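**Student:** Pulled these features from Swiss-Prot for this protein:
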type: BINDING; residues: Gly15, Gly16, Gly17, His18, Ala19, Gly20; note: FAD binding site
type: BINDING; residues: 275-289; note: NAD(+) binding site
Amino acid sequence: MLTTSSARFDVAVVGGGHAGVEAAAAAARCGARTALVTHDPATIGAMSCNPAIGGLGKGHLVREVDALDGLMGRVADAAGIQFRLLNRRKGPAVRGPRTQADRKLYAAAMQTAVAETAGLTVVAGACEDLAFDAEGRLCGLVLADGRTLACGAVVLTTGTFLRGLIHIGERQIPAGRVGEAPAVGLAQTLERLGLRLGRLKTGTPPRLDGRTIDWSGLEMQEADAEPVPFSTLTERITNPQIRCGITRTTRAVHDLIRANLHRSPMYSGGIASRGPRYCPSIEDKVVRFGDREGHQIFLEPEGLDDPTIYPNGISTALPEAVQRDLVRLIPGLERVEILRPGYAIEYDYVDPRELDLGLQVKRLPGLFLAGQINGTTGYEEAAGQGLVAGLNAARHAGGLGIAGFDRAESYLGVMIDDLVTQGVSEPYRMFTSRSEYRLSLRVDNADARLTPRGIALGCVGGHRAAQFAAGQAALGAARARLDAVSLTPSQAAPHGISLNRDGIRRTGFQLLAYPEIGWADLAAVWPDLAEVPPRIADRMKTDATYAVYLDRQNADIAAFRRDEAVRLPPGLDYAAISGLSNEMRVKLETVRPGTLGQAARIEGVTPAALTLLAAHARRGARAPSAPADRHPA
């Protein structure tokens, strides 16, 4: 651990949460000398809210982080205690891997992963300010104790710490999370630098003592019999798998909440900022969905040897006494004890439209932001941004250009494009529905989509690269074998495979596209196929199922990339474009899109404005002196 008064690094990352660890590890994997600055190294990898990783859309992000050799997938596999594949009955494109995680195991595994990352130094301290040289260029950090860290790039991953304020009923407690001081000086620095700041809110439920819950009458949710790991490097899940309980709120609970709404800061005027739409407080649920008989609550154990229960579904900021009365009106919780009250927390965030596609602040080269500071919510969203910001910080420190990810290749690209193009008015979370190319962006092909890119960018290590090459070779061999065998309808019939009597010969791959034909059916015809590992067989089935649809989607992707190829100069003077209305100029200047495609995704930008931009871009491309955009889409 660093103890000197000053030191020189290539990259300094502020914050040891889910964004910070991925940013620091990614920068270090890219060869940058990296510092991870955190108040308390013992809190690295802490799960501040729910004890779970993954889910719908979120599981895709974890797989993509893993494909780029990030940490979250491997750590979740090491700490997972209830693996479930969500949306199992739906198509492969929208299935989402998820696991409950043992909090202590998760933090311990993450801290081990950080400690084992070459080139990464953990620095205990609080970042109070940014340092700039005589020319106004960012050159380091100033810590609260007076130490300075000189560096070539900074990544801020401050979570809920920027002027964080906890609310419990009428009480207000300045804090980044329970028991930890907020980052006030750093928020003032960002304000002084002229960045557009806003205020958001999130919340968490009370923690319950599982030993005081009556589990006997509750529905129990089992883990999957065969856990699906997040990381392609994980051979098997070794932790015991646990069950979660399910209960519901009642009319009595709703009546109590309504009677005390005036004491909730969201309804008393104590909090004016917006919370996450898809993770509302129990107060919001009762107000917005007043006709419902009850709301489901998942009672999630926080560890294998920890009696603490996370009641997923009743986030609240009501006074502690009301919280106690509230939970004791819920079936199974009549005698429950609260270990820690729920609370809401407000915090500052930076308008993500200040950023480019590499998560660098446009007006402050070398400063990168990731996680809740960009207006997102969720561990997985934070981890994905952290990885992208970290690898780009390393590139900036090394004199290289920004590397962006586009919407057609990853959910990382979808998320970042949404943030920097649309901005946020409430905490942003990922869903598969946000992607227009989700048939291509599946959890099962994240490595095929992104690992080659990661190898080219230098953030994928040799072990993963070798494992990926072996996996791709196995997929290629399986596909070649399927393409080499075929059957006519009359040949298929004796094997119990029913096809239209059209006389057409179909390859093994084409046969696999039929919903009723599985790998076992083909192996009964060609026995050597039984030797193909299940993971490879499942991937072949998915590829065959989606083949026709992917051909159509690839045409859409080609059109998308044509617009993305029309670059707009970063210093473009929109006032000089004749015919643009003042409204269009304001929208474009706020985002400063890098491509015509990104401009088209800005809310309210008209086709007429896009035509003017396209004409201007074509004229600029013909002019030898036209500035080039160094930020690829």
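Just so you know, the numbers here start at 1 and follow the chain as drawn.
Each residue, glycine too, has its Cβ placed from N, Cα and C.
Owing to the predicted nature of the structure, the values given are computational and were not obtained by experimental measurement.
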**Student:** Taking the Cβ of Phe289 (NAD(+) binding site) as reference, which residues of that chain separated by at least 6 in sequence fall under 8 Å from it?
**Tutor:** His295
**Student:** So for Val287 (NAD(+) binding site), how many other CB atoms are inside 10 Å of its CB?
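**Tutor:** Looking across every protein chain shown, the total is 17.
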**Student:** Measure from the Cα of Val287 (NAD(+) binding site) to the Cα of every one of the binding-site residues Gly15, Gly16, His18, Gly20, then give the nearest.
**Tutor:** His18
**Student:** Around the FAD site (Gly15, Gly16, Gly17, His18, Ala19, Gly20), what further same-chain residues have their C-beta within 8 angstroms of the site's C-beta centre?
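**Tutor:** These residues sit around the FAD site: Val13, Val21, Glu22, Ala23, Thr38, Ile44, Thr157, Gly159, Gly371, Ala382, Gly386.
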**Student:** Between His18, Arg277, Lys285, which of the binding-site residues has its C-beta surrounded by the fewest other C-beta atoms within 10 Å?
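**Tutor:** Ranked by other Cβ atoms within 10 Å, the binding-site residues His18, Arg277, Lys285 bottom out at Arg277.
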**Student:** Relative to the Cβ of Cys279 (NAD(+) binding site), which residues of the same chain, six or more apart in sequence, are found under 8 Å away?
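**Tutor:** Once residues fewer than 6 apart are set aside, Cys279 (NAD(+) binding site) is near Thr202, Gly203, Ser315, Thr377, Arg429.
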**Student:** Please work out which residue of Gly16, Gly17, Ala19, Gly20 has the most C-beta neighbours within 10 angstroms of its C-beta, and give that one of the binding-site residues.
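**Tutor:** Comparing the binding-site residues Gly16, Gly17, Ala19, Gly20, the most crowded Cβ belongs to Ala19.
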**Student:** Please report the DSSP secondary structure of Phe289 (NAD(+) binding site), reduced to three states.
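**Tutor:** Its secondary structure by DSSP: coil.
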**Student:** In whole Å, how far does the CA atom of Gly16 (FAD binding site) lie from that of Gly275 (NAD(+) binding site)?
**Tutor:** 23
**Student:** So which binding-site residues are near Ser281 (NAD(+) binding site), with CA atoms within 10 Å, out of Gly15, His18, Ala19, Gly20?
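**Tutor:** Of Gly15, His18, Ala19, Gly20, within range: none.
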**Student:** If you compare CA-to-CA distances from Gly20 (FAD binding site) to each of the binding-site residues Gly275, Arg277, Glu283, Lys285, which comes out shortest?
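**Tutor:** Checking each of Gly275, Arg277, Glu283, Lys285 against Gly20 (FAD binding site), the shortest Cα distance is to Gly275.
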**Student:** Same chain only, sequence gap of 6 or more: which residues have a CB within under 8 Å of the CB of Glu283 (NAD(+) binding site)?
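**Tutor:** For Glu283 (NAD(+) binding site), the qualifying residues are Ile257, Leu261, Ser264, Met266, Tyr267, Thr316, Ala317, Leu318.
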**Student:** Gly17 (FAD binding site) to Gly275 (NAD(+) binding site): how many Å between their Cα atoms?
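**Tutor:** Per the Cα atoms, Gly17 (FAD binding site) and Gly275 (NAD(+) binding site) stand 20 Å apart.
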**Student:** Taking every protein chain in this structure into account, which of the binding-site residues Gly15, Gly275, Ser281 has the most other Cβ atoms within 10 Å of its Cβ?
**Tutor:** Gly15
